[in-house]
Amino acid sequence: MKVDEILAALTAMFPDAHCELNHRNPFELAVAVVLSAQTTDVSVNKVTPRLFEKYPTPQALAEAPLEDIEDCIRRIGLYHNKAKSIQGLARGVVEQFGGVMPQTMEELTSLPGVGRKSANVIMSVCFGMPAIAVDTHVERVSKRLGLAAPKDTVLEVEKKLMRKLPKAEWSHAHHLFIFFGRYFCKAKNPQCPDCPFTSFCREYKAQQKQAEKLAAKKAAPVKAKA
Ligand code: SF4
């Protein structure tokens with residue numbers, strides 16, 4: 001299946017694929033992305049309304065008492081470290097960029113707690129730039145569909161996707177892959193019987209091989225004991 005056929009199939013499955021972290025501006029998205037490490041977007045969306053209401057600007061969050069930030073985000077895991085991270089991010093935005101979120105990869109990744117993946121999300125979702133953020137879902141799906149090699153690093157996956165997908169589709173494809181990985185091709189128990197990609201999916205082929213081996217083992221005659 002060609003890349004554009006994969007994208008068309010995914011678009012038919014998830015016509016509303018979009019960023020699921022609630023935010024009203026680039027700074028709020030940056031904070032939400034940092035908070036989303038090792039937790040779900042749904043959990044993050046439960047704590048950010050109160051946090052953003054109390055501290056609506058980088059300046060306000062930069063000056064907030066740390067315990068108060070912790071209190072706002074207590075319901076998600078790792079809240080001690082995450083409170084420090086988002087305050088560090090806010091201080092970076094204030095001190096390095098006068099309180100205005102920057103827009104380039106170089107500037108964004110110079111902020112504390114913002115890596116390449118987060119920068120790509122912000123550039124694509126908030127500033128409409130073509131970018132592919134490779135998170136755990138994008139990585140898994142890309143490897144299963146053969147768009148990247150099993151041992152590729154996250155950066156290698158990103159580079160391969162940028163080479164193989166039309167630039168105009170990068171941001172959309174990123175959301176499609178996330179939705180597909182989050183709701184259909186999950187890490188455990190993917191919905192293979194209903195998937196349009198079984199004919200070339202590596203994971204599916206591996207599962208089939210395993211099932212055939214097991215069946216052959218079961219069918220083999222049991223040797224009588226001497
Ligand atoms: Fe994912 Fe299964 Fe589809 Fe492969 S066949 S892409 S593992 S759902």
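Every residue, even glycine, has its Cβ placed from backbone N, Cα and C.
Nobody curates TrEMBL annotations by hand; they come from automatic prediction.
Feature annotations, reproduced from TrEMBL:
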type: BINDING; residues: Cys185, Cys192, Cys195, Cys201; note: [4Fe-4S] cluster binding site
type: DOMAIN; residues: 35-183; note: domain 'HhH-GPD'
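Long-range neighbours of Cys185 ([4Fe-4S] cluster binding site) (same chain, six or more residues apart, CB within less than 8 Å of its CB): Arg140, Val141, Arg144, Gln191, Cys195.
Ranking the binding-site residues Cys192, Cys195, Cys201 by C-beta neighbours within 10 Å puts Cys201 at the top.
In the three-state DSSP classification, Cys192 ([4Fe-4S] cluster binding site) falls within a helix.
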